[in-house]
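Novice: According to Swiss-Prot, the protein carries these features:
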- 1-259: region 'Amidoligase domain' (REGION)
- Ser12, Asp145, Ile146, Glu147, Lys180, Thr181, Lys182, Pro183, Thr184, Gln185, Lys216: CTP binding site (BINDING)
- Ser12, Lys180, Thr181, Lys182, Pro183, Thr184, Gln185, Lys216: UTP binding site (BINDING)
- Gly13, Leu14, Gly15, Lys16, Gly17, Thr18, Asp70: ATP binding site (BINDING)
- Tyr53, Gly343, Leu371, Gly372, Phe373, Gln374, Glu394, Arg451: L-glutamine binding site (BINDING)
- Asp70, Glu138: Mg(2+) binding site (BINDING)
- 290-523: domain 'Glutamine amidotransferase type-1' (DOMAIN)
- Cys370: active site, nucleophile (ACT_SITE)
- His496: active site (ACT_SITE)
- Glu498: active site (ACT_SITE)
Amino acid sequence: MHYIVITGGVISGLGKGTITSSLSYLLKNSGFKVTNIKIDPYINYDAGTMNPYQHGEVFVLDDGSEVDLDLGNYERFLDTDLTGNNNITTGKIYKSVIERERHGDYLGKTVQIIPHITNEIKERIKRASSGYDIALIEVGGTVGDIESMPFIEAVRQLRSTDDVIYSHVTLVPEINGEQKTKPTQHSVKELRSLGISPDILFCRSEKPLGKDVIEKISLFTDVPASGIISMYNVKNVYMIPEIMMRQGILEYIKKRTGTSNHNLDYTWSNFVENIKNPAESVDIAIVGKYIELQDAYISHKEAFSHVTGNTGISVNIHWVDADKLLNSTHDLKNVDGILVPGGFGYRGVEGKIIAARYARENRIPYLGICLGFQVSVIEISRSLLGLKGANSTEFDNNTDYPVIDILPEQSNVSDLGGTMRLGSKKVLIKDGTIAKNIYKSDIIYERHRHRYEVNPDYIERLEDSGVIFSGTDDEKIRMEILELSDRDNYIATQYHAEFKSRPLNPSKVHMHLVLKALEYRRNIYERNTSGISR
């Protein structure tokens, strides 16, 4: 078994997850069976209850696990489905150890960080990596953080039983035009003080590292120059595997592991070329409540990148604060499409309802996801059914028209963590609908994360107003997809299609939105050139 451990130094946010994902892609396409493991040192059991402002998007796996957004990167780059076992947190480790202690598994021993916590960490790593040739382990946080210490010690101990390559992500800042190596030197020194000497350094910088800088880093860190990889800024993360490949990272790893008989099958050439040189572009508004931290919507951003890579249509995202739409819809005036993503809590909901109405009334291509699906129902109920004050019981428990209501099985749930309708669920698609044309299938499986649904008492009235519920759950009780009978560019889904979008297999509904946005843009151009203003 081969392990590649990725740690980070100097500062957080250097892109360990993207580097890990890119290296995984190269190794997988060289013929290795590869998996990724993310270690998150926080005491939370999982990411499910974390504020997106602090932690970014909560990513949902097929098995319903709510995990760090880096696992979304892993799935996209590896084109695979991971499980909750691929995300190790301090909360999971301590919960397991304490439960075992209460059960008497330690036979009266004093339970300590070493060996009991570190052994639990190693057991979980081995469980998640079983059956693979190489497992890449990303240790969250920065070397030296007190929360990370047990995990650093655990991955250090791996070397006694398995082949381990230690890699370290550092920062090489540029000051007055000179690339500075001191932060990297000190970060490696800190890592060594914990018993780990890195074999590879991934050096983040604005521009490619100069040869003299690489030689200097090599001299002071004892990492060979061939193991120092310049990770400079690029336009799109899907260009990174090619940058690594050009610097010989695969040859270095193959030599280190003694597996030199694999040849790379680089499948992204056309995909990356379309991202670099798109033929056309569209402007799409994402109307959200967490737009100050765009990582809260990273899977939507990546889904649009996947569409670009497959079509050559670039997506210029306009980040629109939902609350600002309460005063003016000016930010929606010149866009070719509108996406209303998921979210929780009342703040921003009325702005999202305004966005849904603006798209419907102006026939602008629209995609609603999760809450974006629910606000479409609320908006149509208010505007077309005349149900003034129609709402979701999530936001107004006393509304006269609860067109969105809590799932029956959720009504007595008190805990927030891991209790929603989560994970991959079957969706049945009706014939003769836009959804059927998009998916070309009667059955799909998509990931969910919600507590509320369309109230069955209002379905018939909504359908009479022109709503088509073109997708349902397998019992045909829960509504999953909404479209309108008088157009083909308005669709909303209860599920999160963005979570299953992949570079070479983009989300079908994101693809549909972009294609309809381009059609809308071309129509506007034709009208303008004919003397009709937008």
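Each Cβ is built from the backbone N, Cα and C atoms, and glycine gets one as well.
Since this is a predicted model, take the numbers as computed values, not measurements.
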Novice: Assuming the binding residues for CTP are exactly those in the record, Ser12, Asp145, Ile146, Glu147, Lys180, Thr181, Lys182, Pro183, Thr184, Gln185, Lys216, what is the maximum CA-CA distance in angstrom, rounded?
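Specialist: This binding site's residues have a maximal Cα-Cα distance of 31 Å.
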Novice: Return the maximum Cα to Cα distance in Å (whole number) over the record's L-glutamine-binding residues: Tyr53, Gly343, Leu371, Gly372, Phe373, Gln374, Glu394, Arg451.
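Specialist: So the binding residues stretch over 23 Å, Cα to Cα.
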Novice: So what's the mean pLDDT when you look at the domain 'Glutamine amidotransferase type-1' (290-523)?
Specialist: 95
Novice: Using other CB atoms within 10 angstroms as the count, which residue among the recorded positions Glu138, Glu498 scores least?
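Specialist: Among the recorded positions Glu138, Glu498, the lowest count of other Cβ atoms within 10 Å belongs to Glu138.
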Novice: Would you count the other C-beta atoms found within 10 angstroms of the C-beta of Asp70 (ATP binding site) for me?
Specialist: 23
Novice: Please identify, from the binding-site residues Gly13, Gly17, Pro183, Gly372, the residue with the sparsest Cβ neighbourhood, meaning fewest other Cβ atoms within 10 angstroms.
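Specialist: Each of the binding-site residues Gly13, Gly17, Pro183, Gly372 was scored; lowest Cβ tally within 10 Å is Gly13.
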Novice: Going by C-alpha distance, which of the recorded positions Thr18, Asp70, Arg451, Glu498 is nearest to Thr184 (CTP binding site)?
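Specialist: Given the candidates Thr18, Asp70, Arg451, Glu498, the nearest one is Thr18.
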Novice: Any idea what the Cα distance is from Leu371 (L-glutamine binding site) over to His496 (active site), rounded to a whole Å?
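Specialist: One finds 10 Å between the Cα atoms of these residues.
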Novice: At its widest, how many Å does the recorded ATP site span between Cα atoms of Gly13, Leu14, Gly15, Lys16, Gly17, Thr18, Asp70?
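Specialist: The two farthest binding residues have Cα atoms 13 Å apart.
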Novice: By a 10 A CB contact count over all chains shown, which of the binding-site residues listed here is most packed: Lys16, Lys182?
Specialist: Lys16
Novice: Which residues of the same chain, at least 6 positions away in sequence, have a Cβ lying under 8 Å from the Cβ of Gln185 (UTP binding site)?
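Specialist: The answer is Ile217, Phe220, Thr221.
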Novice: Which of the binding-site residues Gly15, Glu138, Thr181, Pro183 has its Cα nearest to the Cα of Gln374 (L-glutamine binding site)?
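Specialist: When the Cα distances are compared, Gly15 comes out closest.
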Novice: Helix, strand or coil: which one is Gly15 (ATP binding site) in, per DSSP?
Specialist: coil
Novice: Which residue, out of the binding-site residues Gly15, Gly343, shows the minimum number of other Cβ atoms inside 10 Å of its Cβ in this structure?
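Specialist: Fewest other Cβ atoms within 10 Å, among the binding-site residues Gly15, Gly343, is found for Gly15.
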Novice: Ranked by the number of other Cβ atoms within 10 Å of their own Cβ, which of the recorded positions Cys370, Leu371 ranks first?
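Specialist: Comparing the recorded positions Cys370, Leu371, the most crowded Cβ belongs to Leu371.
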Novice: Nearest by CA distance to Gly13 (ATP binding site): which of the binding-site residues is it, out of Pro183, Lys216, Glu394?
Specialist: Pro183
